[in-house]
Amino acid sequence: MQSPFREFREGLRDIAPAMIAAIPIGLLFGALCAGKGLSPAEVALMGALVFAGGAQFAAVEIWRAPAPITVLAFSTLLINLRHVLMGASLAPKMRGFTPLQRALSVYVMADENWAMSERRALERPLTVAYFAGTAILFWLNWVMSTTLGALGGSLMGDPKRLGADFAFTALFIGLVAGFWKGRATAVTVAASALASAAVYVSAGPPWHVAAGALAGIAAAYAMGGHQHGEAAR
Amino acid sequence: MKVDAVTLAAILAMAAVTYATRVAGLFLVGRLQLAGRAKAAFDAIPAAVLIAVIAPSMLASGAAETLATVVTAAAATRLPLLAVVAVGVASVVALRALGL
């Protein structure tokens, strides 16, 4: 087995491109938070404690003062439910990890370092040092870039002028493209978009999030089974 | 460096549910056997939630935003994430400048 130092370095090497890509997204997130009245300290806390980009962008979109705690927690839960499957898939590969190491590792498990670790496990045993290499600086990078964005965001002025208010819409479209699985996703997206927009116009925020999400999930449930199931995997 | 009490409570609630989703998988190994419709519904969650959040911006904000959504979606079929965001932002600025 390789030295832990070398394992760590290889993890860091594998996560580096995703880390660089996360910097402008983190800066933007911090600036959007500043636009909603969050302080840099609050943004740093959220990045460090929640560490889930998609859920954090969704939260800042529905954020208002005082913070709607239940709505924010529900939106965060729905967006992060995928972690359950990610963790269930990675757990059998964490053979050399102590229970404490597992508990700490999943705290910093994100889409990117999860994917790197899954790929690594195909070739050789996944080590604590490798996982730490993909996770620790990636986590710190997110906390720092979002905090810097919040510090600079108050100087940026109206985000609408630079089109920054549309940036998370564009980011989410890009993220959805990454989850694309053909017609099933198209039906989900259409149902979610129409239900969300209709509820937003008629009942107002924040109900559009739950309405759209449930409509999209229901559409996928209705479609499911008819399509390529396990056989396509 | 101010931290509002309600904001802190919201952040802690978000952190708690997020960690719960992350740690749950460790206890579900071998027990989570989703198939058929249930699996399709579970797989649909990320897209359904992400779209539900941005649908007002996509469909209920104005012609510039809706057209920019079409441009961004086209870009998303072939470009990496950062480029998709750049195309989206540039197109909405251009469309607004046209007075849409």
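Glycine is treated like the rest: Cβ placed from N, Cα and C.
The transmembrane segment annotation in TrEMBL covers A:15-34, A:41-59, A:65-85, A:126-142, A:162-180, A:185-201.
Counted over residue pairs separated by six or more positions, the transmembrane segment (A:65-85) shares fewer than 3 Cβ pairs under 8 angstroms with the transmembrane segment (A:162-180), which leaves the two as not touching.
Packing against the transmembrane segment (A:15-34) from elsewhere in the chain are residues 40, 42-43, 46-47, 53, 56-57, 60, 63, 112-113, 116, 133-135, 137-138, 141-142, 144-154, 156, 159, 164-165, 167-168, 171: each is 6 or more residues past its ends and has a CB under 8 Å from a CB in it.
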